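Per TrEMBL, the features are:
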{"type": "SIGNAL", "residues": "1-15", "note": "signal peptide"}
{"type": "TRANSMEM", "residues": "173-192", "note": "transmembrane segment"}
{"type": "TRANSMEM", "residues": "199-222", "note": "transmembrane segment"}
{"type": "TRANSMEM", "residues": "242-265", "note": "transmembrane segment"}
{"type": "TRANSMEM", "residues": "286-307", "note": "transmembrane segment"}
{"type": "TRANSMEM", "residues": "340-371", "note": "transmembrane segment"}
{"type": "TRANSMEM", "residues": "493-514", "note": "transmembrane segment"}
{"type": "TRANSMEM", "residues": "520-542", "note": "transmembrane segment"}
{"type": "TRANSMEM", "residues": "646-664", "note": "transmembrane segment"}
């Protein structure tokens, strides 16, 4: 990546990008070297520092560039020039010639070549773009056609204009609602810190009330809007009415599914509450964990800015080559023209590397907290200590883990690109096979991401390399496969409820505020923008909490595997987790599954009957989810995709879960603690 950046700067691409160049290969603002076979090249343009396009609105949609003669000028026209006489007067007054170099200002109105070599009039008012020295029209209405071509779902330009006007009219409300989502996320993190014991039930009740209330408000607004639309029929009113109906139906379906899932998961919240309570203590002792999303996002923004800048450099690097119109284009030849492919791979790999560094930092800090018996002896800043260990010892581990994710992500993105390009052209069988491959790669990527996160935790515990840590973590996860299924399902679902709560609260506030502008503003797009931003903010904050819970569970599993509570092998776990284990033992003894009265057994957190129930429910939901997905998205190839899902269920889901159950039965026999 460093070589690519250095190469583009050394070959002059940075200067061409920042200073700009004309159609003859001259870089504006400096002396240039003659290009063989190109007239008007090699000019001294020290005083002409801005690029001016004769027809800035002539955009090539295929190649996504301005299809116009470009010249270097000393000043951009600050007012509209309606005739060639105005162009001539501007050149004589300001010394900035807007026609081609071979024409003198005195020849603008007399030379017949001026029709081709001078700008198309009226010349729009323009201003230089900061840092890039290009003259851009102040009124960008000429780019509306280009924007409409990019937005393929808009068939009527008036729809696009109304959507954009809705965003511009509601920009203050959008910014306020985005700030509200940030505040709500911070408040939720504070609540998680101090009332984690009742957080699950609070979230459950609030989400039920919020989803029911939001659905009711949407149907009420739809009924009210329908009554008012019957008297005054406008295009904006019809669009708002249709949008409200879609929102109301979607909210109703979502609420019903949410209530059913919460009804099924209600019995498996005990261990989640215990883990959430311990996670709350972690945030009390490690408050800097809350700010991890900010640092990660800041580093990602810096890298993405660097990556985009180098990509722009690559677009202007190469050797000057005449095109079919006789102008100069810069193109790379030979193997160097494929450098941008490696640059794209670097984007994915380094982005995953930065995210993996965050996971490693969080894992190291939480592991330090868990395996420190006396919390008074914690380091002054466990987060900084974890960062120091990461930089000194574990960068290779993080690089290897992120590279594995990159190897899976790239083929999936290629298949998604092929699927997009062939949309509507392939047959039903090919479409299903392509979707199946994309789905399998997505599942593999998610599984590897989860395994990598646990491998980083194992590395933080044992200071082993990536492969050894991944193997150890995999063994622990397989031995506790059903525990992982139960805990992660409930825990992730509770955190998902937190995200839903923030999105619903922000969306409800947006509905109430934007409802006052319904008569003159289309507020479909503003509401979507607000909800997406709210979900992004909530995900950034609660993902840290999710990492902490996952790290705590792996530490807990390792603790119970290598310690039994006897002298010299005491547990490291928190008292809350010990209370949960003791309660599980008591329940098993009462059910006749416990040991004798003289001893205590460390039993699995999930009983045998509950394990069977989990497997049955997993099988049922696995098949039901894919059948529902095919019903809604596949349409005409429903039978073919149903067959595909049944095959995946029989030959993938069942063998994996049965193998997990078999391996869980091979756990070491319970350890007696006298």
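Each Cβ is built from the backbone N, Cα and C atoms, and glycine gets one as well.
Note: TrEMBL annotation is automatic and uncurated.
Proximity of distant same-chain residues to the transmembrane segment (286-307), defined by a Cβ-Cβ separation under 8 Å and at least 6 residues beyond the stretch ends, is recorded for 5, 186, 189, 343, 346-347, 350-351, 354-355, 357-358, 361-362, 365-366, 369, 381-383, 540-541, 543-544, 548. Using the rule of three or more Cβ pairs under 8 Å, pairs at least 6 apart in sequence, the transmembrane segment (199-222) is in contact with the transmembrane segment (493-514). Using a Cβ-Cβ cut-off under 8 Å and counting only residues 6 or more beyond its ends in the same chain, the transmembrane segment (173-192) has close neighbours at 167, 199, 202, 276, 279-280, 283, 290, 498, 501-503, 505-506, 509-510, 513-514, 526, 529-530, 533-534, 537-538, 540-542, 545.
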